[in-house]
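What Swiss-Prot says about this protein:
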- S28: active site, nucleophile (ACT_SITE)
- K79: site 'Could be involved in aa-tRNA binding' (SITE)
- R89: site 'Could be involved in aa-tRNA binding' (SITE)
- Y171: site 'Could be involved in aa-tRNA binding' (SITE)
- Y171, V172, L173, A174, E175, Y195, E200, L201: substrate binding site (BINDING)
- E175: site 'Could have a critical role in the catalytic mechanism' (SITE)
Amino acid sequence: MQNFKVDFLTKNCKQIYQRKKHVILGISPFTSKYNESYIRKIIQWANSNFDDFSILLAGEESKNLLECLGYSSSKANQKVRKEIKRQIRFCEDEIIKCNKTITNRIHRFSDFKNNIYYIDIYKTIVDQFNTDSNFKNSCLKMSLQALQSKGKNVNTSIEITDETLEYAAQYVLAELPFFLNANPIINTQETLMAYHAPWELGTNIINDQFNLKMNEKQGYIILTEKGDNYVKSV
């Protein structure tokens, strides 16, 4: 079983981790890190270390990133469907090997468009994006980093404009509810979001730079494979 070094965003995140109730594994599309081997490793780790776990994959908004990199809408949708299908296949196979049920375990952002809890948190985030220039700029910065990273992974590049960044930022905004308070959305009591890198926007949120708060029953952890020193902000 693969061992991971775990870093905590806050002391509260560490306390939630120590109770080992539930973890959400964040899996990014078009990110070389999330190959079949790594996806299997983190599922094994979650199964061994927590009472239960869920998996969060990108939603329809991930096509925005590809469109910003020059793909047509139809081509972007095709690539997203293929990538998500690939990731789901790896996840389902490993979940079964862990003797866990697949039902209600693998989620995408876009699965919750009609979820009242998701809608409420998302609306708060969008309102903040539209009224707080500092928050908006922080989201746009993350969008730029995501475009640069994914541009390398799909072997393409294009001039990035302010309009492009704002369109790409919809991906960031769609993910944020799961960082702030995933519990009512996925029906858990307390949980941690686990990812392979620090999240600068999340750090800014817990440092009270914006009028957004992480719920006390929600945490964020960074997983680093033992002996793997490549981790960086994305």
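Backbone N, Cα and C atoms are what each Cβ position is placed from, and that goes for glycine too.
A map of Swiss-Prot features onto the structure.
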{"residue": "R89", "record": "site 'Could be involved in aa-tRNA binding'", "Cβ contacts under 8 Å, 6 or more apart": "none"}
{"residue": "Y171", "record": "site 'Could be involved in aa-tRNA binding'", "Cβ contacts under 8 Å, 6 or more apart": "A58, E61, S62, N64, L65, S143, A146"}
{"residue": "V172", "record": "substrate binding site", "Cβ contacts under 8 Å, 6 or more apart": "C139, M142, S143, A146, L201"}
{"residue": "L173", "record": "substrate binding site", "Cβ contacts under 8 Å, 6 or more apart": "Y122, I125, V126, F129, C139"}
{"residue": "A174", "record": "substrate binding site", "Cβ contacts under 8 Å, 6 or more apart": "G59, E61, F109, S110, Y122"}
{"residue": "E175", "record": "substrate binding site", "Cβ contacts under 8 Å, 6 or more apart": "G26, A58, F109"}
{"residue": "Y195", "record": "substrate binding site", "Cβ contacts under 8 Å, 6 or more apart": "G26, Y220, I221, I222, L223"}
#### Entry: Between K79 (site 'Could be involved in aa-tRNA binding') and the residue listed as 'active site, nucleophile': CA-CA distance (Å)
14
### Task
Let me know how many other Cβ atoms fall within 10 Å of the Cβ of L201 (substrate binding site).
21
#### Entry: Residue pair K79 (site 'Could be involved in aa-tRNA binding'), E200 (substrate binding site) - Cα distance, angstrom, rounded
27
### Site extent for substrate (largest Cα pair distance over Y171, V172, L173, A174, E175, Y195, E200, L201, Å)
17
### Message
I want to verify one value. Collapsing DSSP to three states, which class is Y195 (substrate binding site)?
### Response
strand
